[in-house]
Amino acid sequence: MEARMFWLLVVLLALASSSSAGEYVGLSANQCAVPAKDRVDCGYPQVTPEQCNNRGCCFDSSIXGVPWCFKPLQETECTF
């Protein structure tokens with residue numbers, strides 16, 4: 001019985017992590033940390049989060065009056 005509960009927990013955790021990680025497929029959270037005033041529109045009216053992400057863009061609908069689908073920040077390499 002304990003083994004079944006363990007595997008159930010493993011499956012639930014795997015499902016939860018895959019659904020929450022889907023917001024920025026191929027993008028890091030840092031790339032999508034664009035200040036609202038600096039967002040460059042990357043979508044169109046009524047674009048869904050999935051459609052936006054498929055375009056290689058970030059989606060954040062928590063701030064009204066700014067683009068919700070926007071271009072990510074470009075990651076730069078540090079060279080010393």
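For all residues, glycine too, the Cβ spot is worked out from N, Cα and C.
Keep in mind that this is a model prediction, so the values were computed, not measured.
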According to Swiss-Prot, the disulfide-paired cysteine of CYS69 among CYS52, CYS58: CYS52
Cysteine from CYS57, CYS58 that Swiss-Prot links to CYS42 by a disulfide bond: CYS57
CYS69 (disulfide bond) and CYS57 (disulfide bond), distance between Cα atoms, whole Å: 6
Proximal residue to CYS42 (disulfide bond) among disulfide-bonded residues CYS32, CYS52, CYS58, CYS69 (C-alpha distance): CYS69
Cβ neighbour count (within 10 Å, all chains shown) around CYS32 (disulfide bond): 18
